[in-house]
Ligand code: IPE
Ligand code: IPE
Ligand code: MG
């Protein structure tokens, strides 16, 4: 029997292009966000079928507050209604939800919806979906340093000290970061973990992503040679 191709243990996804997807159809940007959520559900199911253990979805960055009040309000409303509103879907598919980012900077209802969902999916074991929300890689590193210093005043900062104080130290570092909509940048996503992550960029707008796109990501990952500074 052929060996199953190696899949990333942890995949990071920068879900981009919701606005452009909507613009192309003369719809408001918010319609793109609603459609993007459907793509997320397709992708998480296929990621589980492929045997990926963790998927981090970049949902809202620390910079996304710069958008119009109307768009931010719509997104926050979407998070409140959908993060906990999809509980039956998570439980049906064995999806455990975790969150990464500065939850204290979110409206109370959003934080509550996340905390409830994390609690109520904690026994699911098929796949872990991590919602990166009010997330910034620089912000996470600063918070990790401050967390360490408050526990160990006056001590020197080491790589281990930072890694152990990131938001989810128990989660393995991301193996591959992919981005939709053809932008080739990280936009402050998982800066610490990305030191040795494989990167891949795809043209399709996020709301158009389906099962086939995740199979393509897995195939592309299986072709990479990871060296971590050593030799093959
Ligand atoms: C990604 O899509 C979703 C969020 C950042 C919340 P965008 O809204 O950035 O879509 P574009 O880049 O404007 O097309
Ligand atoms: C990154 O996308 C943030 C999320 C996907 C949540 P952006 O659309 O905000 O990034 P830039 O502004 O194009 O770099
Ligand atoms: Mg964008």
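In case you wondered, yes, glycine gets a Cβ from its N, Cα and C as well.
The following features are taken from TrEMBL:
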type	residues	note
ACT_SITE	16	active site
ACT_SITE	64	active site, proton acceptor
BINDING	16, 198	Mg(2+) binding site
BINDING	17-21, 29, 33, 61-63, 65, 67, 179, 185-187	substrate binding site
Field: residue 198 (Mg(2+) binding site) versus residue 179 (substrate binding site) - Cα distance in angstrom
entry: 12
- request: Please name the residue among the binding-site residues 17, 19 whose C-beta has the most neighbouring C-beta atoms within 10 angstroms.
  value: 17
Task: Specify the nearest of the recorded positions 16, 64, 198 to residue 33 (substrate binding site), where nearness means the distance between Cα atoms.
output: 16
Field: For residue 65 (substrate binding site), the number of other Cβ atoms found within 10 Å of its own Cβ
entry: 11
Message: Through the lens of DSSP with three states only, how would you label residue 179 (substrate binding site)?
response: strand
- prompt: Among 16, 198, all listed as recorded positions, which has the most CB atoms within 10 Å of its CB?
  reply: 16
- line: residue 17 (substrate binding site) falls, by three-state DSSP, under coil
